[in-house]
Amino acid sequence: MDPDSGATELDSSWVTPGSPSRDEPDNQTQDQELDPVLVWVPSGRRLISGLLGMNIVLLGAALVAGQTFNPEGLKHQEPLVFMLLLMGVSLIWMLWYLLWARKQPGVCPHKDHHAGGITVILVLILFAAASLLLYICRIGYLLSVRECNPAAKVLSPFVEAPFLVLQTYLLWAHSKDCIHRHKIITRSGLMVILSADLLLWLNSVTEDSIHEEIELEKEDSNSTLCQCSTSAACLAFRKGFEILYPFNIEYYLMAGCMIYVMWKNVGRRTGPGHHVGQKLTLRVVYQGGIIYGLVFGGLVLVVGVTVFILYQVWVSQRQLRLTAFLIFYGYHLAVMPVMSFCSLAGMLVHRLERRAHEGGHNPTRSLDVILLVAAALGQLALSYFSLVAALALGTNAPLADLELSYSLLSLLELILQNIFIIEGLHRHPSLLTKKKERERKERRATTISLLEGNTSAPPAVQEHHGKEPWSKRAIQEICAFLILCNIMLWVIPAFGVHPQFENGLGKQFFGFSTWFVLVNLGQPLSVFYRMHSVGALMELLISA
């Protein structure tokens, strides 16, 4: 018997989420789902909402770019007014869906159980809570300096807060919905929300860039148009705004991804084999006996927090500036090789385990893979540009040597971790191939025993059922370690540690303006990649 027949049989008989044979009984829809080109291109009834979203995002991006590069040209806060209008329309649609459309019979006959997992929802709620605190600090700060701020800017947090709260509830309660009524209105409304999320994220990134530029240009000018008053409350609000800013940026990206999955699921049909139950993460950690991954990952977290604090304190002191760079690069040069080795070991375990792969199209899985690859482009681009700068300036200076090593290890770690995660996401949650192989061995052993006059299977076969597969334990340990490492590698750049701005290599080679644009395009994507990797690794930990 062919040893791979189990995997082949599973792929042909087990209907996975999004498989056309069960999810789309209609022949026309089946043909569309099988076409790989039509999977992501808006087609049919998605065309209207897709074109609507594309035009909204392009117009908003042009306004935000105009405000960033030529603030004198847009005198009436047109980008902010446009985003306030989008949030207002989004609020109206969400209220319509939650209060009326959702209660209509037959509006949601199917569920996508892969969308809105418990870990994703918990992280989204955490970011939403931090964003609400940010809005409180922002309101207090803007009211303190309202004399020199336009009315639209002062009004914006009062609209963003209910938009965030209502969107968080929509995603928490209805992210799994496959809506089958009012499809055009539903798709258009979801696309408006998605466009608002993307533009709010883009606006947040550009505002963060302006703050970075002010910090870097302090030596040339120490005065700003709007200075916080000397009151302790205003200073506290401003500090809270600076600390909580990264959470708000990550919220809009994560919420936009979940809204996109809802948009793709409008009109989708799921079969009876779609749902695959998952255990809670804490129960998996407790019952699975995960020890080494948590211990070594916790050590990485403790050392990382120490490095983060020391860097923030020392980088502003001229005599300790070089030491700050040394501990930053030294920490990453120690952690990233271990992460690369763990990813490589996980890939080897995947090969040895021979678990079946999921077939068919699933919007959540496809989006996870696309986001991992697209978000990794930010860090990959920065690594390649830094690599060119370090090579061009020579490797005689210590910072050039460190930057060169850091760039090379970043490339290796990102590539290996992406391969490990993507392979894991496409593995089937159940070990049916192993079960089939084990059953064949048991039948063979039972046949031999019966021929010899025995009536029971050998004891070794019976004991094997109670043992936990070593591959499952290995994957869980690797995932636990990588989760904690990625959390720390998210915290460090998210809260203001940007050696690419400080060490001067990129600025010296590419010029300030070019390097500034490159870093501010790549850094937010790098931060989002680490956070999205945590969610994907958490899913691998649960389904191991």
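Backbone N, Cα and C define each Cβ position, glycine as well.
Predicted automatically and left uncurated, TrEMBL annotations should be read as such.
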154-172, 249-267 - the range that TrEMBL marks as transmembrane segment | 154-172
Grab the same-chain neighbours of the transmembrane segment (47-68) for me: Cβ-Cβ under 8 Å, and only residues 6 or more beyond its ends, written as numbers and ranges.
-> 74, 77-79, 82-83, 86, 184, 187-188, 190-192, 194-195, 198-199, 202-203, 206, 209-210, 263
In the same chain, which residue numbers or ranges, 6 or more beyond the ends of the transmembrane segment (478-497), come under 8 angstroms Cβ to Cβ?
-> 242-243, 246, 250, 285, 290, 292-294, 296-298, 300-301, 304-305, 307-308, 311-312, 328, 332, 335, 338-339, 342-343, 345-346, 349, 417, 523, 526-527, 530-531, 533-534, 537-538, 540-541, 544
Between the transmembrane segment (404-425) and the stretches 154-172, 284-314, 369-392, 509-529, work out which stretch tops the count of Cβ pairs under 8 Å.
-> 369-392
Among 80-99, 154-172, 284-314, 509-529, which stretch has the most Cβ pairs under 8 Å to the transmembrane segment (326-349)?
-> 284-314
